[in-house]
Amino acid sequence: MLPAEEITSSINGNDVLKLMASTDLKAAELLEAASDILAEQSRSPKSAVDETSSLLMVESGNMAKEKWKSDCVNIRSNGRTEQIKRENAEHRLSILSIVYNPTAHPTSYLDTLVNMLKGNVGCGILAMGDAFKNGGLFLSPVLTFIIGIICVYNQHVLVQCSKSVKQKLKLQHNPQFAETVELSFETGPQRFQSYSVFFRNSVNSFIVITQLGFCCVYILFVSKSIQQMLSWYNIQLDVHVSILISMVPIMISSLIRSLKFIARLSAIANVCMLVGLVVILYYCTVDLPPLSSRSAIAHWTTIPLYFGTSIFSFEGISLVLPLEQEMKKPKQFSTAFGVLNVGMVIVTSLIVLTGFMGYWRFGDAVRGSLTLNLPEEFLLSKVVISSMMFGIICTYTLQFYVPVEILWPKVEQRFGPFRSPLLWDTGLRVVLVLITFIAADVIPHLSLFISMMGAVASTFLALIFPPLCHMAVTSADDGGNGYGLFNWRLAMNCVTLVLGALGFVTGTYASVYEIFGAFQKVAITAAVTNTTGNNYTAPGVH
């Protein structure tokens, strides 16, 4: 083993701090691992460079930790063949390279704005017509703008906390969502420090739940669209059969590993989604009924359903830090007229416009997705629905990479190293896809699923974790004096936490209640049908 002086002279002090902050290895183990890496580098420079470059590609703290542990285990294991180690390293490079390297291809203001719009416009915006039905035609826009302001505030808070912990710990990388939360608590007041790992795991868990929830919604969207189009040809398809049919293209798309190919599909999907949304909004302006025919304020019992759907539609908080770190001039991201404010104003306006026009046009008949309200006689219906289906399938592929990125290192740490990492990766993907299909098949109600996912998972990511982070960082930095005049930031944090907790409890309860009600209606309808059929056939028997 090399002496400590040689190790510390070969490794930059900031890098050691960075590794100690992002791993659970003890100091002695860290020095031993570093010594082995240097020894390995002297024997095989190319292999060491590959291992080091793969480590530096990782920006997520949790991923960096798991990657470092895995590398240390592989390097110190003399009994394993070089081929196995090389295959594992190549596989990790394939999976972890989805974390964008901000110095490789920095984006302009316009590029980042477009990426933000792409990340926030999806199935959630098409469900806002149903959300406005649950909130009321005139109450819903007000509530949506309030929720939008709170979400933007929390996104600014997340960016601020990320910069704060990076500066405090002198990190060489930009901490992502989960790592920002962990380090905020770890460097905060003592009463917060013991919860740092718990909150990191909680963030990753909710991200996985949210992303897989998005995938479930996409499955329901595709299956409902298949049902709708086949019904125009007098083919009545059961919802479970349509979900099974949609499994074929979605399963194939989820196995795509080439990020370059996925990026091209994503570009096509964005065009399809944009064209479809424009056509849908155009159709909503045809034959509008009087405004007085719609409920201005809905009954208070349905407002929690509105809340869950609206929170779900603001689905881009996990993209905030990567987008800011990709920019050529990151300062342009969070200024008064920066990408974040301008982008969220556009997103909120689109959400309000789509929800308002959808409910105004279709009233109580509005469906969980506005595409389901398009009639057969509308000339562009088939084109719009087909293009939106293709766009959603491509979006499924992109969203699906996030849980794979988080779960794969844990699978590799638990069961690896693998002689055939590609086979294990494929198995993980197949299992996750099947989980999303089973969940979608169990709850085949698009609008209720969207509302439940928004209330359960999106609420924590958008409204709970950012203010907690800010309170930990601010309390540690200046004794709590960084909350602004009259402590308005602290008051905003408290309001956000109360709103998030209230929305979580009421939204989850309302969604689950409505889901059980929907199943009861189906059971009652089936029982009535059987009874009617028996009564009808009885006279014929006698």
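Every residue, even glycine, has its Cβ placed from backbone N, Cα and C.
TrEMBL does not curate its annotations; it predicts them automatically.
Record features (TrEMBL):
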DOMAIN    105-511  domain 'Amino acid transporter transmembrane'
TRANSMEM  138-159  transmembrane segment
TRANSMEM  203-221  transmembrane segment
TRANSMEM  233-252  transmembrane segment
TRANSMEM  261-283  transmembrane segment
TRANSMEM  303-323  transmembrane segment
TRANSMEM  335-359  transmembrane segment
TRANSMEM  379-402  transmembrane segment
TRANSMEM  422-440  transmembrane segment
TRANSMEM  446-469  transmembrane segment
TRANSMEM  490-512  transmembrane segment
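The stretch with the most CB contacts under 8 Å to the transmembrane segment (233-252), chosen from 138-159, 261-283, 303-323, 379-402, 446-469, is 379-402. Remark: the transmembrane segment (261-283) makes no contact with the transmembrane segment (138-159), by the rule of 3 or more CB pairs under 8 A. The transmembrane segment (335-359) shares more Cβ pairs under 8 Å with 138-159 than with any other stretch in the list 138-159, 203-221, 303-323, 379-402, 446-469.
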